[in-house]
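**Student:** Got a structure here, written out as structure tokens. Questions coming.
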């Protein structure tokens, strides 16, 4: 692999263009997507399925009916399965425990968390071994950097740092930091903000990587919590730089899979429950798209003349794949 | 004063339009601004002078030569003097000490800090007495709210708060918060971020006020430090709302002065050392503008064909006003 990044990494300006462009390109009253009648044909044409988790695999802490059997069937048919999450607080290994708890047989290589995506991106550009990453984020990013053999500083170690301001005070920073990775961080503080800012502003060529720009996240079921976008927005404002975002809706993951396994993106099917994130994300990546109605989108919304985002197909839930591909005899 | 805000409060979308519009309106090679030959005429036509401080009044911790005498002369001539700072960490009273230390005779009513601007804005819209402000910021904002008789919570009291996440946990928030004021805060933490986010997202009609969007600030002379923009950018990203910004480059202050003292904005002269902030800010506010070369801008920059922002006049320093208006006999 060359030192040039082949990946189509998301930046916010592109984000502002892409959805608008997609919307503009779609006819005002696009023909509603058809129901997935021929699941066997879809499965045959696809090498890899990428699944959004909440609303597709589980809802909150509850597994959606028929999911384990459907995943088993797809595996038996030789399909590659990938589970996507913008959560960067855990490593793939740690995130795997959620699947385990729900009784799902998913291994860590199948989980594409944004913490892993940050490490995979740095590997993909041959991040120099004499450079370091500064982490403004939680332990998941640290663990993925370790796993990838990338030098890093920051992360949870900087949680209790304080800045004692005296006249003429200067914060020293490591000139070898070649990338700052910003993710969700419950322990954000001004020390970390200033450290990240200094590296990006003062180290020539220093990258600014955001795991995701989600406004809110579901830390608990009881309410929405300020998400990774808050931390990324903070550093964006102090550096006046746009982040390279590796989590959804960046198409980095599709590019990565396509490149790593030598498959065409049309052989990837993105399965999700949200039109303006999952389906648009799949379309931006050049993939097939399947909307499931087991999450936030209703058939009425899908078929509304106001809706301009149409997946290739829709199904009631993931288990439709099982029913349709293997009809009960 | 009615309950409708007469003020032209800055929002970031307007910010993105205004400078571009100003630049577009200016001819590609605008005639360079003339030297201030007739200072007496300028002084006569102006009722209020607004001064940027750094580069105009002082440089770092050093007073610029001739400034005290010039200010004294303007006062004797009956001019109103206003000193502007985006610093929100101190109240006007506290900020006044910097002037005192430098031997300048400036009283707190003449200082327009962004902490005061936030309180003045809330007063201007008759912020209801049964509502509260949540402060994500330092003591300056708190003191100005106190002074203005506005109820508030948050601020320095929330500096050491931590969030202990347990399944199903809900952060309660005060439903009476009708405005969140975000300013520079060395003690920013996730508790404050989530509290501010909840108020803005969940309290109907809750305002989001930013003191300023400065990327960096000069906490010490030794380096640039992440500024108030970092805190505002953070809440902007978690709420997906644009802030109302009351500090520079908002023209709120000009509107406020014009309204409060019944003067036309053409009777106000903005004096600053930066073309793309101070001078543009004065022009956006409909004021006269005077560039002084005692700060970051050189005559070469001003006269460069690439420069499209031209003040009404330029002078070498504030003391030119003294020399020109009262020539030595």
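Backbone N, Cα and C define each Cβ position, glycine as well.
Please treat TrEMBL annotations as automatic predictions, because they have not gone through curation.
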**Student:** Out of B:273, B:276, B:306, B:312, which does TrEMBL tie to the same Mg(2+) site as B:52, B:54?
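**Tutor:** Matched candidate out of B:273, B:276, B:306, B:312, per TrEMBL for Mg(2+) with B:52, B:54: B:273.
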**Student:** CA-CA, which of the recorded positions B:52, B:54, B:273 lies nearest residue B:248 (substrate binding site)?
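**Tutor:** With Cα distances computed to residue B:248 (substrate binding site), the winner among B:52, B:54, B:273 is B:52.
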**Student:** State the Cα to Cα distance, in Å, between residue B:54 (active site, proton donor) and residue B:273 (Mg(2+) binding site), rounded to an integer.
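**Tutor:** That comes out at 8 Å between the alpha carbons.
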**Student:** Taking just the CA atoms, what is the gap between residue B:52 (active site, nucleophile) and residue B:273 (Mg(2+) binding site) in Å?
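**Tutor:** Residue B:52 (active site, nucleophile) and residue B:273 (Mg(2+) binding site) have their Cα atoms 8 Å apart.
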**Student:** Counting every protein chain present, what is the number of Cβ atoms, excluding its own, within 10 Å of the Cβ of residue B:248 (substrate binding site)?
**Tutor:** 27
**Student:** According to DSSP, does residue B:54 (active site, proton donor) fall in a helix, a strand, or coil?
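**Tutor:** For residue B:54 (active site, proton donor) - judged by DSSP and reduced to three states - the answer is strand.
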**Student:** Other than B:52, B:54, B:273 themselves, what residues in this chain have Cβ atoms within 8 Å of the centroid of the Mg(2+) site's Cβ atoms?
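**Tutor:** Near the Mg(2+) site, the remaining chain residues are B:51, B:53, B:55, B:56, B:57, B:272, B:274, B:278, B:295, B:296.
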**Student:** Drop a 10 Å sphere on every Cβ of the recorded positions B:52, B:54, B:273 and tell me which sphere holds the fewest other Cβ atoms.
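**Tutor:** Comparing Cβ neighbour counts within 10 Å for the recorded positions B:52, B:54, B:273 gives B:54.
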